[in-house]
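A.B. asks: Have a look at this one before I ask anything.
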Amino acid sequence: MSLFLRKRCLCLGFLLFHLLSQVSASLRCPSRCPPKCPSISPTCAPGVRSVLDGCSCCPVCARQRGESCSEMRPCDQSSGLYCDRSADPNNQTGICMVPEGDNCVFDGVIYRNGEKFEPNCQYFCTCRDGQIGCLPRCQLDVLLPGPDCPAPRKVAVPGECCEKWTCGSDEQGTQGTLGGLALPAYRPEATVGVEVSDSSINCIEQTTEWSACSKSCGMGVSTRVTNRNRQCEMVKQTRLCIVRPCEQEPEEVTDKKGKKCLRTKKSLKAIHLQFENCTSLYTYKPRFCGVCSDGRCCTPHNTKTIQVEFQCLPGEIIKKPVMVIGTCTCYSNCPQNNEAFLQDLELKTSRGEI
């Protein structure tokens, strides 16, 4: 081999070694994070979240099931994925996989990990790592009768799975049934209702009322369904909501008749709204609901929705709809929080009722 060919092979070998070193280095966390991340957030596929890389330096698109992963390219942990590096002797790269979990047994039927099933018309359940989690289909604890409903109670409706709220004391529960629909804890906003949209689209606009907040204190979520879009398709909308802060001091009850909600005072100074790892760019003085002197639940009565800008990752600003309370009122039927529901559901599951 000539001297020229030997030099050329040596140069190519050095270049290949340099490229492999760069690729290997890009898979591991650097000793220091770069001084600045890309100004443009990564463009992820629909349904794929933007997360911090495994080094907590810059945002990247979360890797999905079956895709390659490393320290710099983490798997989507919110989907239960982990990076399996058993095939790499250097333990640097791997494949995003779902951990193998235990099966579930319910009412004599075996369900695989991740399998969804409906034990009856009232619940939708999922088997996850040997545990069964269920969500209710009947939202009677979220959809409450109005404050003008005397002696509300649940009644079974022939041919339907879910019970309905009824008003009055009639034994049959037919005259006082609320038209087959329960009234939500929130009153309609200006945009809520059924009205004819643009005649050229030939779409009848339908929007439900907002559900009760998922948490009795602290930041929660509220949902509704609407077809207010160009496709005239029913879609689910969510908004953030906070009925009262969890650290709120109990109010001194002065109204003995119990006809009014004792509203809490606004914050003396404006506060930042927070959810998960996000903080609002601007400060607000929100109004909260207090307590009822007769022991009933004090929940929002009139609300509106505003768009609030939050900053989550450095340089990333998102907008979220947030509930703003106008007035509050007292209810006899209190919406259950998630913890209470889970305890009740666990009890029913142990008894084999669902």
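Placed from the backbone N, Cα and C atoms, the Cβ positions cover glycine too.
According to Swiss-Prot, the record shows the following:
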DISULFID  Cys29-Cys55  disulfide bond
DISULFID  Cys33-Cys57  disulfide bond
DISULFID  Cys37-Cys58  disulfide bond
DISULFID  Cys44-Cys61  disulfide bond
DISULFID  Cys69-Cys83  disulfide bond
DISULFID  Cys75-Cys96  disulfide bond
DISULFID  Cys261-Cys298  disulfide bond
DISULFID  Cys278-Cys312  disulfide bond
DISULFID  Cys289-Cys328  disulfide bond
DISULFID  Cys292-Cys330  disulfide bond
DISULFID  Cys297-Cys334  disulfide bond
DOMAIN    25-99  domain 'IGFBP N-terminal'
DOMAIN    102-168  domain 'VWFC'
CARBOHYD  Asn91  N-linked glycosylation site
CARBOHYD  Asn277  N-linked glycosylation site
A.B. asks: Give me the CA-CA distance between Asn277 (N-linked glycosylation site) and Cys312 (disulfide bond), in Å, as a whole number.
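C.D. replies: Distance between the two Cα atoms comes out at 6 Å.
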A.B. asks: If I take every residue in the domain 'VWFC' (102-168) and average their pLDDT values, what number comes out?
C.D. replies: 74
A.B. asks: How do the residues of the domain 'IGFBP N-terminal' (25-99) split into helix, strand and coil according to DSSP?
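C.D. replies: With helix first, then strand, then coil, the domain 'IGFBP N-terminal' (25-99) has 6 helix, 17 strand, 52 coil.
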A.B. asks: Cα distance, Cys69 (disulfide bond) to Cys57 (disulfide bond), nearest Å?
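C.D. replies: Computed Cα spacing between Cys57 (disulfide bond) and Cys69 (disulfide bond) is 16 Å.
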A.B. asks: Determine, to the nearest whole angstrom, how far the Cα atom of Cys75 (disulfide bond) is from the Cα atom of Cys297 (disulfide bond).
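C.D. replies: Between the alpha carbons of Cys75 (disulfide bond) and Cys297 (disulfide bond) there are 43 Å.
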A.B. asks: With an 8 Å cut-off on Cβ-Cβ distance and a minimum sequence separation of at least 6, pull the same-chain contacts of Cys61 (disulfide bond), or say none.
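C.D. replies: Result: Pro42, Thr43, Cys44, Ala45, Val48, Arg49, Ser50, Val51.
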